[in-house]
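Quick look at what TrEMBL lists:
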- 1-18: signal peptide (SIGNAL)
- 165-192: transmembrane segment (TRANSMEM)
- 234-254: transmembrane segment (TRANSMEM)
- 274-293: transmembrane segment (TRANSMEM)
- 276-392: domain 'Ferric oxidoreductase' (DOMAIN)
- 314-336: transmembrane segment (TRANSMEM)
- 348-370: transmembrane segment (TRANSMEM)
- 377-395: transmembrane segment (TRANSMEM)
- 427-525: domain 'FAD-binding 8' (DOMAIN)
- 531-678: domain 'Ferric reductase NAD binding' (DOMAIN)
Amino acid sequence: MNLSIFFALYFLVTGADAFRKWHPYGHDYLAHIGCGIYISRTVTFADTKNNYIKFCNNRNGLATMVGCLADANYNSTRMLRYLQMSCMKDFEIEVPWENYTTAYSYLLQSGVTLKLLRDRKYNSTKERLKTPVYLNKTMSTLYVKAEQHYLDIYSNSMYYGIGTVAYWGLVCVIGAIANWSMILFPSLRIAIDGRVSKLWRKWVTLPALFGKKKTAMQRLGFFSMLIPSRIESIVSLLFIALLIAVNAAELHFLEGDPIFKNSRKYALIKYFSIRTGVVCTVLIPVLLLFGGRNNFLMWLTRWKYSTFVAYHRWIGRWVVLMAFLHSVGYTEVFIIREQYAEEMAENYVIWGVVGTVCGCLILFQGLLYLRRNWYETFLVIHILLAVFFVVGTWYHVIRLGYGQIMFAAVAVWGFDRIVRIARIMMFGFPEAQVTLLKDKLEVIVPRPRHWKPIVGGYVWIYFGDMKYFWQAHPFTYMHDENNVMLYCTVHSGVTEKIAKKLRANPSGPSMKMRVTLEGPYGTSSPIEHHSDVVFVAGGNGIPGMLNEFKHLLKKQDCKQRLQLNWIIREAFNFEEMAKYFAELPLLNAEVNIYITRPASFESPIGLDASNDGDYKTEAKSDTLSGISLLQSDYPELNFFSLRPDMNTLVQKDIDDAANSVAFVTCGPAVMVDELRAIIVEKIDLTKKRVDFYDTVDVWN
């Protein structure tokens, strides 16, 4: 993260005035460029590498230019003013106004024809003319038209690129209206719950793309992936269709085009390369915005971070594809022009290659298999590749007039990193009590008074050991007036390293450790106006569910029927969290604890292992007595030694609901996907409003 902040600040400080700003090409500009190319290919007036200086400081060149513009119907006072301004702005050559007003009369008086030059066997590479020239009127018009057609590709590419950005703006506005209307006008939830609304949610907004898998990982041989939801897939497919359309629109060859020497192949490859390059560049700020944690659009739309990351990945894939096609296309252009070696040695081309290669590597390096199995390595490489993708693109486009786009991209990236640091600094670096439980870390962090939690939100935790402080991991949390409580399942990586450290601690598996929290992020589920709310938590998904459950319970005017279902494997999972359940004010609320593998109640010691029947009978007896013991200790809670039938649970809660029911879930991906599929099937089978909120934010 520090490296990316350095590059962001470097570009923000040094890059603001380092580029030529893009602007639409006006007809005056296009006309004088077209005539300039025609004249430069036909005659020579001065020993200069810059073909356009001669139209400022050479009287014969200026008169020939004015004649060409007159042939193409651009001989106006405005056009002459534009030429005068260009000489001053581009070359700092101040030309008296009378030079322009007398140029055409000078051409009429002293000009020679191209036919006369051909008769004299004029050689433009050796002879410098000392008189103006009458050009071919048809060719003058064709050159101006060809240049307009060519440079319109640049302007239209920018407009089409802006159109793809506008697409995402429209999608976000629609999402914001849909989600905020339910917050600001909760009665709409019931008012618009007709057949169309139910079918829309059943077939479009709620289900997985195919089958059940949305949160769970999908395997395809070596490859594994997270499949976007159906609505996310529709939005992404429409975006892809839009990209295909804008990259093909208005790319046609102008017959007889003298700019491209009447080569259809050369022209179309160049046009396509321009289009893909410009559209790719315009999308980079959106790509970086959607990948940031502090994306303001998350607040605007109330979408989860994982939704934006899904869109970030699809935008990224097509940005890299367009960059690749742009690179391949320009390679062919350089070969056609027989300038491959010279062009590839140019600094801006080298940086373009760097950016494209890094983008392609990110596509491979970002595979889910690599992210999940070597996360620390993935993180470092991903940051480095992303930095050099942005750096390479910056230096590639800055001289081409698109620097302001990359300035916006770097500003977005830098803002996200700066806000991250600000959040960390505002929280501070308190000493947390870190305790190793059986399979998780309990982290109790002192809470600053100014820190405002989000019910149902999550935080990124950084552990203070310098070996892994640069890593951050997201967790849901609980909170009270003084502390923030996190329960982090031990996996490979930083949690395993801390667990080993705690196991080796001479004074026991608990110690003080400096930590900091970045956040809170996320939003609360919009469930305060449902008549019934059912929470379904699995395993370590309980902290966020319990936090939202407690929040609703503590509302003085709460008239909702609340139910919390927690599905765990063994009794010790409950014992680790029992203190939080003991303090619940369970009025008009129900808590069900499902223990699917109550092995902790079994006591095989002292039994005859050869007698399987006696063992199983005794184990079952111990299990039932263990459940009874828990029930007697916590009479307000309901304990079951089984895995609940989700279909039965959902149907009963819908039947018992007064007029609307919200199901809120967090837990293992398979459980969440199963619950989603069941609810989707039942949405249109009841007159009651049924909503589903998946608080699992999976992007890795």
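Any Cβ shown, glycine's included, is placed from N, Cα and C.
Taking residue pairs at least 6 apart in sequence, the transmembrane segment (234-254) and the transmembrane segment (314-336) share three or more C-beta contacts under 8 angstroms. Note: the domain 'FAD-binding 8' (427-525) comprises 11 helix, 44 strand, 44 coil (DSSP; helix = H, G, I, strand = E, B). Within the domain 'Ferric oxidoreductase' (276-392), the DSSP-based counts of helix, strand and coil residues read 102 helix, 0 strand, 15 coil.
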